Structure formats: structure tokens, C-alpha cells
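Novice: According to Swiss-Prot:
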type: BINDING; residues: 70, 72, 240, 315; note: Zn(2+) binding site
type: BINDING; residues: 70, 72, 240, 315; note: Fe(3+) binding site
type: BINDING; residues: 79, 142, 175, 243, 320; note: 4-imidazolone-5-propanoate binding site
type: BINDING; residues: 142, 317, 319; note: N-formimidoyl-L-glutamate binding site
């Protein structure tokens, strides 16, 4: 169906999950000029509230557009061979130390042009959109040179121009140590701080800076240098932390006011407390946990106890989470991590937006941008309960119905 365009439209008699909770009765929602202009219980709605509005949808479940707050969507090649290796008992760390893992994707991505990366990435982006995504973060991290990291960020920005979706970009220069810097990690960190971050900031290509704080990545001291450089250039901070061990990376990120700490399977109470005090979001990545067949669960009860917001993301990447289906992540977050369906759905909407520093997104509230999904289901929990394609009836971006069936 072709894209529809009108400045004023209604969704009537819909069950609403507003990004935090399911509203208690059927609602009518008015969108005008790209924003949510009204929200009424259906039984109280009066036509005078919305004169001239076209009815865009009736019935079903209306949620905020999904926000995928952690992806590595831009890359070339694949790592299916490593998937087989892991099934044969070779660990992720062993593969990485042997020159595979992230560095395998680095070789392929360095060799690809921007246009080739666009062609490789568009099908993955389209899969996310078909599952209800209206905003996503895309990280670099498979270039590991100034030129190649900027190339990846430019591709990410172009993807947001080629499709009706909001793309937030994150510079992940400290994803792995490139082979040409073997044994010289501090020198590479200097490159990230002195050249990569300034170049990305000068071109307006990055909204945030991320690091991989891990034994096979970068030390807390090295990550701290990168945080200081990011702050000096006005960029937000994020962290891959406590995925394989506890180096205190989440607490370090929190001290620098990080938007989020991601993975966090080995996070301890001190780290949880630091995140709570800083308002840092815990981004759960059940896809990587599932694919790597991990057993160390993130400390969900501690996160609840301290009131740390929990987001859920796909971590779409070629090695450890080659999955472009956020609703599957909701199911995995519930079945593997014991989130409630409400927590999982909030984690893919309001809390995911918080992890990107976009408190205006991921909500159905008067004044919020009208990024919406209308689903052919009876209650919001079904998005986490059942793993199933084809439930999306409409995807609305900035008030425009950009997909309908």
C-alpha cells in the first residue's frame, strides 16, 4: 500500500501500551502535524475533539514505535563459520584471540565501499522496520582506522536518509585492537582520542562514543581516556561492559554520566548502585546471551531493587547476535532473563529511548513525536509471548503512515 499523508488522523478503539504501562481501557489517539495531539478513553471521545481528522486505524494494539538502542548493523561479510566453531566447543574469546571474531568483520568491512556497505546493510534495516522499529542506534567499530570508522558512520547516516527511520550514530572505535597495533594498545587509544573522535565530531557523524571494556577489549584506564576525549568534544558516552568478566566498566561509565552500560551479565552490586546514582540505563542483550550460550545472568533483581531502567536491544551484529527481530528479543528477555512482558516492552520503547538520550521518544503521550506501531494482536504482552512475523499492521513515523497492510 502506498504511503499515506495527512496532517491529522485518528486511531480509534485501540488498546494502548504507552511505553511504560498498558492503559486500562480502549483509547482514541489523535495525531496532528507529526505529534500526538490527543489521547482519550474511547467511550469519552467526541467527534468535536478532532474535526477533519481521517480515521487511520481501528482496533488492535497501539504501541510507540520500537527503539533498537544497540545495533552493529553496518558491516560486510558474515561469520557463519565461527558459529560452527562455537558449537564445536571453541569459545568466543579463543576465536577473538586467534584473529577471528570482530577482526574478521573488520577485514571485510575495510575492503567494502560505502555503496557496498549500504547494499549489505539495507536488508538488515528493512527487517528491523518490518518488526516495528522507528528509531535505532547504529555503531561503527568494524573499521578501526580513522577513515574506515568515518566511512561506517557516513553509511549509517545515509541509511537514515534512505528509509523512514531515525538513526542515532555511535562511534565505537574502541571495539577491538586492530592487528597493525598489536602490542600497542595505548597507541591505538591515542589514535581514537586524538584523531578519530575529533574527526567524527567535526563532521557531525557521531552522537555518542562507545567502548568495549573487557579483557579482550580495552582496560578501564584506556576507556577512561576515551571518555575524557568524548566529553571534550560534547559527545555522549556508552559502554559495552561486564559481558565476559567484571572489570568495573559499568561503574566507570556511570562516573562519566554514561547514557547506558550494555550486556552487563557480570555486573555486581557496586556497579548497579553506581548506575542507579548516575541514571545510567542497563541495556540487556539477550540475543548475544542466547547465541553465545552464556550462563551468567545479568542481575535483574538488583537492577529492579535499585531502580535502574532496563532497556532491551537486538545487538544485531555478524558474530554474536545475527538477529534483526526486536520482538524476538522481548521474548528472550522474558524467557532467559525473567523480565515481565511489561518490562520487556518498556525496554524496547521508553527505556530504549532513554538509553539514547531521547526522552521525547518511545512514549504515547500528548506532545510526543508520533512514532507508532499498530499491531494485529489483542494485548501488548503478545509481542513478548509469541515469536511471530506479520503482526504489524501499520508503522507510523513522524505522524506519517509509512507502512500499512
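Backbone N, Cα and C define each Cβ position, glycine as well.
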Novice: For the C-alpha pair, I'd like the distance in angstrom between residue 175 (4-imidazolone-5-propanoate binding site) and residue 240 (Zn(2+) binding site), rounded off.
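Specialist: Given the Cα positions, residue 175 (4-imidazolone-5-propanoate binding site) is 9 Å from residue 240 (Zn(2+) binding site).
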Novice: Cβ distance under 8 Å to residue 320 (4-imidazolone-5-propanoate binding site), same chain, sequence separation 6 or more: which residues?
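Specialist: Same-chain residues close to residue 320 (4-imidazolone-5-propanoate binding site) (Cβ under 8 Å, separated by 6 or more) are 92, 287, 288, 291, 292.
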Novice: Restricting to the chain of residue 240 (Zn(2+) binding site) and a gap of 6 or more, list residues whose Cβ falls under 8 Å of its Cβ, or answer none.
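Specialist: The answer is 210, 211, 212, 213, 214, 217, 249, 262, 263.
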Novice: Among all the protein chains here, how many other CB atoms are within 10 A of the CB of residue 315 (Zn(2+) binding site)?
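Specialist: A count of 28.
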Novice: Between C-alpha atoms, which of these binding-site residues comes nearest to residue 319 (N-formimidoyl-L-glutamate binding site): 70, 72, 79, 142, 243?
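Specialist: Its closest listed neighbour, by Cα, is 79.
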Novice: Compute the centroid of the Cβ atoms of 70, 72, 240, 315, then list the same-chain residues not in that set whose Cβ lies within 8 Å of it, in sequence order, for the Zn(2+) site.
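Specialist: Other same-chain residues with Cβ inside the cutoff are 71, 139, 262, 263, 285, 288, 313, 316, 317, 321.
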Novice: Can you tell me how far the Cα of residue 243 (4-imidazolone-5-propanoate binding site) sits from the Cα of residue 315 (Zn(2+) binding site), in Å?
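Specialist: Answer for this pair: 13 Å between alpha carbons.
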Novice: Relative to the mean position of the Cβ atoms of 142, 317, 319, the recorded N-formimidoyl-L-glutamate site, which additional same-chain residues have Cβ within 8 Å?
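Specialist: Apart from 142, 317, 319, the close residues are 72, 75, 79, 102, 105, 141, 318, 320.
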Novice: Identify, among the binding-site residues 70, 72, 79, 175, the residue whose Cβ has the fewest other Cβ atoms within 10 Å in this structure.
Specialist: 79
Novice: Round to the nearest Å and give the CA-to-CA distance linking residue 72 (Zn(2+) binding site) with residue 142 (4-imidazolone-5-propanoate binding site).
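Specialist: Distance (Cα to Cα, whole Å): 9 Å.
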Novice: If we check Cα distances from residue 142 (4-imidazolone-5-propanoate binding site), which of the binding-site residues 70, 315, 317 wins as closest?
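Specialist: Sorting the binding-site residues by distance from residue 142 (4-imidazolone-5-propanoate binding site), the top entry is 317.
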Novice: Give the distance between the Cα atoms of residue 79 (4-imidazolone-5-propanoate binding site) and residue 317 (N-formimidoyl-L-glutamate binding site), rounded to the nearest whole Å.
Specialist: 10
Novice: To the nearest whole angstrom, what is the C-alpha distance linking residue 70 (Zn(2+) binding site) and residue 317 (N-formimidoyl-L-glutamate binding site)?
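Specialist: Answer for this pair: 10 Å between alpha carbons.
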Novice: Checking the spread of the N-formimidoyl-L-glutamate site as listed (142, 317, 319): what is the longest Cα-Cα distance, in whole Å?
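Specialist: The N-formimidoyl-L-glutamate-binding residues span at most 12 Å between Cα atoms.
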